[in-house]
Amino acid sequence: MAVSRITRWRLMSMFFGIKCLFLIVALGVLVKNSFTIQNIQSTPSSTPIVEFQKVSKCCACLEKWIGHQCSCYFISKEEKSWKGSREFCASQNSSLLQLQTRNELSFMSSSQAFFWIGIHYNEERSAWLWEDGTFPSKDLFPEFSKFRQDHCIGYSISREISSESCENKNRFICKQLPT
C-alpha cells in the first residue's frame, strides 16, 4: 500500500510539473510577442501616417492634412495655376476648397495668403459655380458680377474673395470629405 501511494504522488507531481512547464513556455511566448508589437509600433514607417485629429473625432487625415469638422484640408506651400491646383487636388482624391459655412471661413483666418478655391465661371449655365456644380452661398459671398468671367476665384482673409487670371500661380487648399 505504501508503494502505491508513492507512485500516485509521483504521477501527480510529474503531471503538475509538466503543466507548470507548459505555462512557463506560454508566458515566454506572450512576453516575446508583446515586445515585438512594441518594436513595430515605435519603428518609423515610409508609408503615410494616418493621424486622428484632436479637433474632430469623426475623421482621420493623412500626414500633412489638417482635420476640421469631419473634413481634411491640405494647405499647399507651393504655387500653381488654378487648373494645376485643381489637378493636384484631384490626384489626392479631393477637390479645391468649397467653403460652405462661416465656421470654415474662420478656420481659414489663420493665414493671410491668397489661395485658389473651387469656384469657376460656367459658361453653359452663365454662372459662378463650385466644382461640384452647386451655386456659392449668397450668405458667404457677395455678388460675383464684379469679377471677370475669364478669371478664377481665390480667397484670403484680407481680401476675402477676389478674382485673378487663372494662369497666375497661387497657393491652394484641397478639401477631402471623409470616406
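Glycine is treated like the rest: Cβ placed from N, Cα and C.
Summarising the annotation, Swiss-Prot assigns topological domain 'Cytoplasmic' to 1-10.
Residues annotated as topological domain 'Extracellular' in Swiss-Prot: 32-179. In the predicted structure, the topological domain 'Extracellular' (32-179) carries a mean pLDDT of 77.
The disulfide bond annotation in Swiss-Prot covers C58-C70 (among others) and rests on sequence analysis.
A simple way to gauge crowding: the CB of C72 (disulfide bond) has 21 other CB atoms within 10 angstroms, across all the protein chains here. Look at Swiss-Prot and you will find C61-C72 (among others) tagged as disulfide bond.
Among the features that Swiss-Prot reports, domain 'C-type lectin' is placed at 68-175.
In the three-state DSSP classification, C89 (disulfide bond) falls within a helix. Of all Cβ atoms in the shown protein chains, 24 besides its own fall within 10 Å of the Cβ of C89 (disulfide bond). Under the heading disulfide bond, Swiss-Prot lists C89-C174 (among others), citing sequence analysis as support.
For N93, the entry in Swiss-Prot reads N-linked glycosylation site, with the evidence type sequence analysis.
Within the same chain, the residues at least 6 positions away from C152 (disulfide bond) whose Cβ sits under 8 Å from its Cβ are W82, W116, I119, H120, S163, E164, S165, C166, listed in sequence order. DSSP assigns C152 (disulfide bond) to a strand. Swiss-Prot lists C152-C166 (among others) with the feature disulfide bond, giving sequence analysis as the kind of evidence.
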Q) Three states by DSSP: which one describes C70 (disulfide bond)? A) coil
Q) Counting only other Cβ atoms and using a 10 Å cut-off, which of the disulfide-bonded residues C61, C166 scores lowest? A) C166
Q: Rounded to the nearest Å, what's the C-alpha distance separating C70 (disulfide bond) and C174 (disulfide bond)? Just drop the number here, would you?
A: 14
